[in-house]
Amino acid sequence: MIQFINCYFIFNLVTVVNCLRLTIEKRIVSSHASLSKRSAVDLQFRRFNNLYYESVLEFGTPPQSIPLVLDTGSSDLWVTLIGNPLCYNKGSGKPPKCLIDCSGLVFYDMDKSQTFDYLKNVTFKIGYADTTYTSGIWIVDIITLPEGHLKDLQFGMAFATNATFSGVLGIGFPAMESVNGYEFAPGKFYPNFPLALKNAGFTNIAAYSIEYNDESKKGSILFGSIDTSRFIGPLYTFPMINEFPGIADEPSTLSLTLDGIGIDGSCEQWVISNTKLPALLDTGSTLIELPHPITQSIASYLNATWSDDHGLFVLACPSDDFLTTTDLAFTFGELHMKIPLRSFILLPDEESNGLCGLGITSSKGRVILGDSFLTHVYTVFDLDNYMISLAPMAKSSLPGKVIEIPANGLIENAVISKSEKWTHFNDITVNEYGFRNYCDGELQDIHSYSSKLNSSSLVYSSNFSSDEEQNSSESVSPSIFNTDSSIKEIYPSLSQKEHLSALLTTISTSEIHKPVTATITDSITTTIRVTKILTVLQCAT
């Protein structure tokens, strides 16, 4: 259950902090989350969201507690109305096509809320790249907070959804709200949860910080403030990037510039690529997604091979010693983040023949950093000033020290990055396989270095499942984001602006919780149908 903590802390006798803290907790759903063989009938790996973080909010009068998936990669809050027709009775045997197991889910009951209202003559629809689909209406109700009530909050209420979770708390930019591109759409943006908190005076800024505790499987999101006891060293502040400059004047996704990625071992170091790339920080994705040439390089380093049976790269499980001394290194301007390689290795099960999986999926050019990355990083998202701040996560049990984020976004003692930010897509350059051995100064071949790997049991790994459909022999062009080639081949009739909009949905088709409808701030809206829309009618036929 969520714990709202009154964020009025006293420092030096008089300091008052205006903020709201929500706890978040990791949830594991009933299906397998470890590495198992793909079945032609029961696709256990059809998506990676078997493990996700959720928070609980109190809706209506009297309050109804509903857990929601926390998602920085989308912008709409929605819940599911009681009586979802796509649910089936778990005790009735194998579920029919299109129906889902709704046991353990929590539903919103509009008849029990005295403050329920709805927007007339408009509908709510949103689709995600993992084929999750939701259809319903827009409603208005109260959310209860310890300091008072957040009144007249607009959010979606699903009549029908194939989601295996109770709802989503999307906290991205309003520009990504699903308010256009379908019949009877409202056609205008609205103050979503972060902006509504600011407008109602609960916070002074539309900004929030997120901390994870991977050991306890819990964390918190602090709106309007940061907790200085939860990160190591100074925060580094970076400008958000505008991935679609031909369409929008300002950033519309919570993305920053990734300057490089590599392997950092006890003695060796290999810079895989230093091509600047846009990186989305997405709590709604479980793993990370890298451009295919980079993913392929990491797979080659680990002697991993593509498996059609499993739908991902598989490898002999590395030794615990290797995983303990080897990191995947990410460079953001002046900040170098080292994440243990074990965070990106998937644990085997009885059907995997002792093989581990590589928990890194491939994209055509974009980077998505999900929970396997974010559990090691303290993140601050400033929607008002288009800034993101990062620092290594601290494993601290000390009492929190909360300070308010100022209106200008300049956090005390934070380091403002001076690095050049990403502006457009370039060819992805991958450096030659090899390691500079800093212990003896010799350059080692990648395959001789990988002899450090062995097939001993993996001591630690995250439990995930996969939906990715890839082919290890796929030819990936480093200029895949050239709108005169790849996008025009898929959508030859689109205009130049529509090509850029199409990127919003095509560059991350294996990503979790990304809206199919691309809504852009200058009112240009393009709906790209990249998934089959699931409806009650289709299920019945």
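Every residue gets a Cβ built from N, Cα and C, even glycine.
Features reported for this protein in TrEMBL:
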SIGNAL    1-19  signal peptide
DOMAIN    53-391  domain 'Peptidase A1'
ACT_SITE  Asp71  active site
ACT_SITE  Asp282  active site
DISULFID  Cys317-Cys356  disulfide bond
Lowest local Cβ density among Asp71, Asp282, which the record lists as active-site residues, within 10 Å: Asp71
Local Cβ density at Cys317 (disulfide bond) - other Cβ atoms counted within 10 Å: 26
Model confidence over the domain 'Peptidase A1' (53-391), averaged pLDDT: 91
Distance [Cα-Cα, Å, rounded] between Asp71 (active site) and Asp282 (active site): 7
Between Cys356 (disulfide bond) and Asp282 (active site), the C-alpha gap once rounded to whole angstrom: 24
Length of the line joining the Cα atoms of Cys317 (disulfide bond) and Asp282 (active site), in Å: 27
Count of other CB atoms lying within 10 Å of the CB belonging to Cys356 (disulfide bond): 24
